[in-house]
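Annotation source Swiss-Prot lists divalent metal cation binding site at 15, 16, 107. What Swiss-Prot records for 9-197 is domain 'RNase H type-2'.
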């Protein structure tokens, strides 16, 4: 049973989006909510419609005491692996907050080791901790927008549809057109595509 840490005024929630895709950055967000300005309907971003996510993202940015995004690029993911890159991107999001929190709640079961702030990992935190839900929404909206931009650059890959995840469609496009500079070379399907071209 999750309980909020006692004795801390400013608590940030942190989450990441984009561990599974074959392309682009892993994107994180850190959010400190305002207890006097609650937001209705916060939930795990994966369980919300796109329309609801966009509306909530605007409300979070408006009402939160502080929010920030972090990222680790595809080449960093290839260099240090996706887990380490996710943790690095989480640290970057926290360090970018305009107000530094007194405590950080991190989605999942690992805490970035270089946070320098007391922290706790919360499994399924994006469903049970409002701050982490808010972070998951901001990260998902930001990453989806990046995939839509990439889709405009490379329409033949259909990134707006699959958002870079290894769907049947994405794997077909990868086999047909090869890997882009934005693809994660350490991921098996990309490696395979690079060998074929």
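Glycine too: its Cβ is placed from the backbone N, Cα and C atoms.
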Original post:
So which other residues, same chain and not among 15, 16, 107, have a Cβ within 8 Å of the centroid of the Cβ atoms at the divalent metal cation site?
Top reply: 14, 17, 28, 29, 86, 90, 106, 108, 125, 126, 132, 135, 136, 139
Original post:
Quick one: what's DSSP say for residue 16 (divalent metal cation binding site), helix, strand or coil?
Top reply: strand
**OP:** Check the domain 'RNase H type-2' (9-197) for me and report the mean pLDDT.
**Re:** 97
Original post:
Around residue 15 (divalent metal cation binding site), how many other CB atoms lie within 10 A of its CB?
Top reply: 32
**OP:** Please report the number of other Cβ atoms within 10 Å of the Cβ of residue 107 (divalent metal cation binding site).
**Re:** 28
